[in-house]
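Here is what Swiss-Prot says about this protein:
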type	residues	note
BINDING	His41, Asp108, Glu119, Ile120	Mn(2+) 1 binding site
BINDING	Glu80, Asp108	Mn(2+) 2 binding site
MOTIF	124-139	motif 'Nuclear localization signal 1 (NLS1)'
MOTIF	184-247	motif 'Nuclear localization signal 2 (NLS2)'
Amino acid sequence: MEDFVRQCFNPMIVELAEKAMKEYGEDLKIETNKFAAICTHLEVCFMYSDFHFINEQGESIIVELDDPNALLKHRFEIIEGRDRTMAWTVVNSICNTTGAEKPKFLPDLYDYKENRFIEIGVTRREVHIYYLEKANKIKSEKTHIHIFSFTGEEMATKADYTLDEESRARIKTRLFTIRQEMASRGLWDSFHQSERGEETIEERFEITGTMRRLADQSLPPNFSCLENFRAYVDGFEPNGYIEGKLSQMSKEVNAKIEPFLKTTPRPIRLPDGPPCSQRSKFLLMDALKLSIEDPSHEGEGIPLYDAIKCMRTFFGWKEPYVVKPHEKGINPNYLLSWKQVLAELQDIENEEKIPRTKNMKKTSQLKWALGENMAPEKVDFDDCRDVSDLKQYDSDEPELRSLSSWIQNEFNKACELTDSIWIELDEIGEDVAPIEHIASMRRNYFTAEVSHCRATEYIMKGVYINTALLNASCAAMDDFQLIPMISKCRTKEGRRKTNLYGFIIKGRSHLRNDTDVVNFVSMEFSLTDPRLEPHKWEKYCVLEIGDMLLRSAIGQVSRPMFLYVRTNGTSKIKMKWGMEMRRCLLQSLQQIESMIEAESSVKEKDMTKEFFKNKSETWPIGESPKGVEEGSIGKVCRTLLAKSVFNSLYASPQLEGFSAESRKLLLVVQALRDNLEPGTFDLGGLYEAIEECLINDPWVLLNASWFNSFLTHALR
């Protein structure tokens, strides 16, 4: 084969092929088929470019004889055949002068007429299989692919063959001649069978042995091996094909694929009705903390001790009274419950030794608030099989609620910085590999951006409350245990701080199944007057319990202190996820990492430092009615974290449904923005599925409103 190559190809091509093989550490004495393939590919690239010029008027012309007077520019820039460094220099230069998008892999040519890079393929197999492998490897709409085979077939992106028929015929004839010459020397069969598919990163992880046999056995009919199936799936063109398949399925199935244009989508319809109300398990932006700095009291770290110490820092207690009643509740019971907490805390202080936990007396007000004896008696199903009118409870449809401005304010507040540090920089030991060094550097930069964030405070508060409540639910099943709502942080100066937000009283908690509910009453301090946004506090009874002196620009001012009381409930599975809220930090860090990776792959070096250090650069954060909002990288980190935290705090079936269904519409819109000419069927059904999830949940309604802003600006 080596002798044939040296006889059959131009010496310049042979020399370039030798260099290329040397660069990749391949021995042409052994890899003779590869040597022949490289020479063939080089020759096709040169023939593609030969005789094609652009004249002074910018028109593409074919000139077969050199005319020394003609001021002509080569139509194609040849990249194939250069050493890697030089080839990338040429590519970068083309991108800088023409504004073309930089390809991830080295292409073969650049077409100055069509302003696009071209990837040339020469295959001994079927052209469509090889085309799909190329497309799967390149994954770029911008690079044009043109495949030739030794049998005279060809395939190109969007059937755009770039060259005139005569130029292409010349290439096909040359390939056919090479094939015949090889066949006459008995070399063709070996050459034909030696072609391997395009190597992509994923395919280098070879599946072998039993797993390989299982993969090959598990293929759909008509596929001989995993590679063919992979190539088919990766290059699958759905439009048209789906339509045909559906029509074969059933006479009733009728799906006409409609083109999805800029004018096609309409905004998502948000429900009308009274404004939505707060439904989180604890107060967010409205919470007030009673704090102690540098705690060193006896029993420090025991929640009840810490809570009593924090309560002692406030001196403005007064006779409590209801300022905003709960419409459906017995408000005097909420008032009596708070008075009972104060009285029982006072009793503890009068004891010689403070106990580690406090179980509340089972008073009538607490029994009512915690739903004691309210659950209907359970009857074994076998005992009532014969009851003729056995049926489920009639339950009312939930009332539709409209979006209210308070949830956007809550989100904005969650993105802000506080004056405390809520998470420590984890020390995980020395890095032993370069990748560990990059990973810990990214983690440290990210931690620095979010450690002061209010969303991080919500994480630590959520972790503490859920852990304490789950522990108490298991350890004191029959007791009405008093659980302080506590968090710990550091001041800017590094001093430790313990904060008390209020109290929870837990009801009976015989939790056998993950979804069994434990009721609790929450009592939380706040300076927010509930009468300003009464719709937000529909589920709460709010008491005024004291006056707090605050420092302001005009000196000390007195502000009323409120207590937000409500009955609530949670389950083992919800508490388990609440305890794991730190995962939100990981999720948002991974999103930032993918942004850094994208930037690093373009620049071909790790961009972590530049990413966080370049304070002048702004990044897109989200959509608002004003347009695309931008901010610093720190703001992006905090916004992504806040979104993740709110997904946890406001988790619900409505959110699950909206996220899954709206994502489908988002993907279609993204495809339209990428000029992929998407098609859809039953778009009305998709809108129905999305809008079915918009009932009364504030976080879902806000996300739907953001989605509408995105639609408006994405389709301009």
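The backbone N, Cα and C atoms fix where each Cβ goes, and this holds for glycine too.
Listed in sequence order, His41, Leu42, Cys45, Ala87, Leu106, Asp108, Leu109, Ile120 are the same-chain residues at least 6 apart in sequence whose CB falls under 8 Å from the CB of Glu80 (Mn(2+) 2 binding site). Taking the centre of the Cβ atoms of His41, Asp108, Glu119, Ile120 as the Mn(2+) 1 site, the nearby residues of that chain (Cβ within 8 Å, site residues left out) are Val44, Cys45, Glu80, Pro107, Leu109, Ile118, Gly121, Val122, His146. The secondary structure of Ile120 (Mn(2+) 1 binding site), as reduced to three states from DSSP, is extended strand. The Cβ of Glu119 (Mn(2+) 1 binding site) lies under 8 Å from the Cβ of Phe105, Pro107, Asp108, Lys134, Ile138, Thr143, His144, Ile145, His146, each of these being in the same chain and 6 or more residues away along the sequence. Comparing Cβ neighbour counts within 10 Å across the binding-site residues His41, Asp108, the minimum falls on His41.
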